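As recorded in TrEMBL:
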- 1271-1286: compositional bias 'Basic residues' (COMPBIAS)
- 592-760: domain 'SSD' (DOMAIN)
- 1248-1286: region 'Disordered' (REGION)
- 1-22: signal peptide (SIGNAL)
- 273-294: transmembrane segment (TRANSMEM)
- 355-373: transmembrane segment (TRANSMEM)
- 597-616: transmembrane segment (TRANSMEM)
- 628-652: transmembrane segment (TRANSMEM)
- 658-680: transmembrane segment (TRANSMEM)
- 719-745: transmembrane segment (TRANSMEM)
- 810-829: transmembrane segment (TRANSMEM)
- 1071-1091: transmembrane segment (TRANSMEM)
- 1097-1120: transmembrane segment (TRANSMEM)
- 1169-1188: transmembrane segment (TRANSMEM)
- 1200-1223: transmembrane segment (TRANSMEM)
């Protein structure tokens, strides 16, 4: 397309005077040039500088000439009524050239009447003004090929007022064919009026002005006066010149502010939320400290006046302390606990008595349910994983794909220098780029698939390849060493003048990167994009996938400099294809398998070894007392529960996901391994305290005591996970179902099969048989019963310390401070999942994504799809359009244009492509090269070679005719007739508004072909650099669509290829809160129901809530975003937190004595099992995960699980005991005798608590005992005899 400005300049140059003019005027320029009103400086055409060059004007410094009638009519019709009675400095040839050239500019500029009027006025004045000599001055002349004097350089003095008015009227005018601005074409993207006219006047033949026009600030000689014509404003009071909102910002109404524009509430630079919480915590802490100080002073005053506390009788306390830890001493129980204890006692007794039968039945059922593995399948489709079946974005995608076709596939290459700091725009790099592009275009797969077979080609057979080489039609022979830089400057300034083979302008922003403003020669990267057809047809997709694999192999060779004739050692080449992400994600999963397996093996090995009682003083007993086989059986039970869950749900048709495969074993091991430790440790304690009991009796009493707490934790977790299945996100709901089933089956197997395994292992130990090889019996000394190191440490040191009054206060203050900090950090949690995290660290996609963020300057396209707007009616047209004066102010096009002007809020950067505006302007008879039909066949459009006399221009004879107010524009059948012609017309230099290329797939007609069923309006988001940008872009687009729908009544929705994956983040926070609350309620109800203590249940729920909040705070500090994966981990966090809390809580409730004594009893009994069973086991597994190659495992598994275990352990073993020690036992009691309780009383009188068990070991000194008693607060009896049963 001829540059408008160049074209225009050419015409205006065509003023000339030749020495042989009929009226005898001379054309010689001299120092005595006349510069006054009524005089010219040039007139008529005198030839060109070179053969086939453009015509240049003749110098003529004479009076303006009275035009004849024909010339005057031409002048008035073209330049306006100002020439009705005036003379002129132009010839008829010049005016005809002017008319011909304006036809090329009209499609781009005429949509804004003010800009068009100023444009015509500017060049009409330059070419024909009778006062030409007052503002023009010839500074250089030459000789034409016809030996005539011609103008080769001149000055044009323009006033600031006129230049600014001209520029302001045109600066916002859009050109839909390039999805850009008219100013990019006529002014080279100018930002000021001087930049615009300087670009227009630059000599750039053949693409620009044929001679140089300078625009000086002033005339040093004082002979010229700045031209001060009247300009029309785009918001002119005369509606004849007023432009539409889309082309004139002052016309647009102000948009109401959005929530994002409101400044956040802050106090002293921090958010009001954080300030309020910190203030409340600080004030509360200060008040408590003050009260304690006052209380202490009051106590001191009482002592001063002789008050002394009365000591309690030590006899009763001595009696109580004797049976504090003996499970047989409970004479009354909460009814639910009593029933559970009775049930589990009998169950444990039977499982131990019929061990092999129990194990056989259990694993027979496991094998039966595992038959569902025959239907095992893995779901890898991201859409089916993360997108709800009833997702709004999924339905929008389906509508878009069905009506407009799936979003195209892409393959991209980014080429820069290895150091990334030097500009890439040089001849050598360009020639390498041509070679790379040729190699890619020449790819042919084994089945003969080439790029031409799969590429997107909307205007013919030429593929859409967006590359800098497209400025030379991808033909290196057109790339000349002596001219390529000038051509590059010209093409980047005016892309429409350098169309690639697919005939769509190449905007520099999409093919160059790493430059500032419009300094394209300083670009640091070339970007090539191959656009490939997408389809719902698997055969077409299969061909594209096959080609992409060959493309990836070629690019890998290029990146490693393995192509002989292309030296790429100094280049950095990053690349991707549509298939790349899936391929690399699968590779990542495969590489992480080893790490995950090692993590599990480490936990399995530790659990198997830690269960044993290793007495190094008796080496021969090591192989007997080892519990490796028992530990291994516990691990097998974990795996069996997982197998059962997978089998059941696979049979029901639920596909497993990678999250399930990688996380469920970790979860089940986390919530189940501590039960193994608790059962084993309790059984060992039972055997040590009651050696006279049989193995069956001991197993029954062990399960009777610990079964209810295991049931409590398992039921809480199962219900919490099962409620998570209500989530609509498939990956999370399926995970919740699998997890709930696996946890419950693990519980059932632990209280049946594992109890049998304990009994068999105990029988093996009594018979002195070797662990792992029970068929071999050895002679070994009798085992010495002794307390384990960890329980002894808890009894001697940790328990007394944590229950010290001062320590309690410090613990509560510190943990409340951590909780406050977690709450302060909650609003700072980031949403999203950076896809780079899911890739192996050495993947070629990582540098590609980095380069894309660094260099790519265009965001993803977004389509606003409109339904139920009848474009065949005037009302429907006004709901859609923007470039007519009667378009609705809230129309889709106007709304998009207004939002584009605040990109920091709307995340929309590019002007929208509005099909109805371009279509209706295509009908404009002033653009006679577009809509015209043969006179002898009105249904057949005229071609470029048809005679003008044989063609009828559309709307040329209409009454009312075509006008900016839309009066008389087609409706109904006439509208559809023209539309069908327009949508099939390919754009050209003569008619860039034709619709085939830009809108061929943007309009969907109904089945009868008499209505527009739906259409889309394409624009572009701002560059998306982060997950926050993607989420904000999604929210903004939907906000805009909702507002347009409200204003127009049409159905409008936005669609972009990434929306379907980011919809989840619109409700992920609410979903997380809902899931956590539901899980906490479930935990509270089950805990209260099983324990019979509302206060304890509330404490447990509160501690679990604090753990979750602190883990979320840790996520913020560790850079872990909230997404489906971290949401799953938070659900796991609830489960593991229950494990940390439930056993200690129940042991506390079931113990006797004061609150401190009950908590102390619980810590000694189960604290060590919880610590070694959960904390240490998980630490080993987490430690191995730190060495993973995958960033996603490091972030979402290593970091999160580390936070869960550390925070959970601290709260469960430090805060929970402190809080439980502050509440009184409120259990509802029921007499065991009234319930016929017999099982737990059997042999109950045979053993009492060992002497001093609560506070001393066998070798403790009296001084130590005194110190410990003092720290706990109650004296203990040291009688060696058995205490009385209460």
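Just so it is clear, glycine is given a Cβ too, placed from its N, Cα and C backbone atoms.
Keep in mind that TrEMBL annotations are predicted by a computer and have not been checked by a curator.
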Maximum Cβ pairs under 8 Å to the transmembrane segment (1071-1091) - stretch from the list 273-294, 355-373, 1097-1120: 1097-1120
Of 355-373, 628-652, 719-745, 810-829, 1097-1120, whichever stretch has the most CB pairs under 8 A to the transmembrane segment (273-294): 810-829
Same-chain residues near the transmembrane segment (628-652), Cβ under 8 Å, at least 6 residues beyond its ends: 362-363, 365-366, 369-377, 604, 607-612, 660, 664-665, 668-669, 672-673, 676, 680, 734, 737-739, 741-743, 745-746, 749-750, 753-754, 757-758, 761, 771-772, 774
Listed stretch, out of 719-745, 810-829, 1097-1120, that has the most CB pairs under 8 angstroms to the transmembrane segment (1200-1223): 1097-1120
Predicted model, mean pLDDT over the domain 'SSD' (592-760): 81
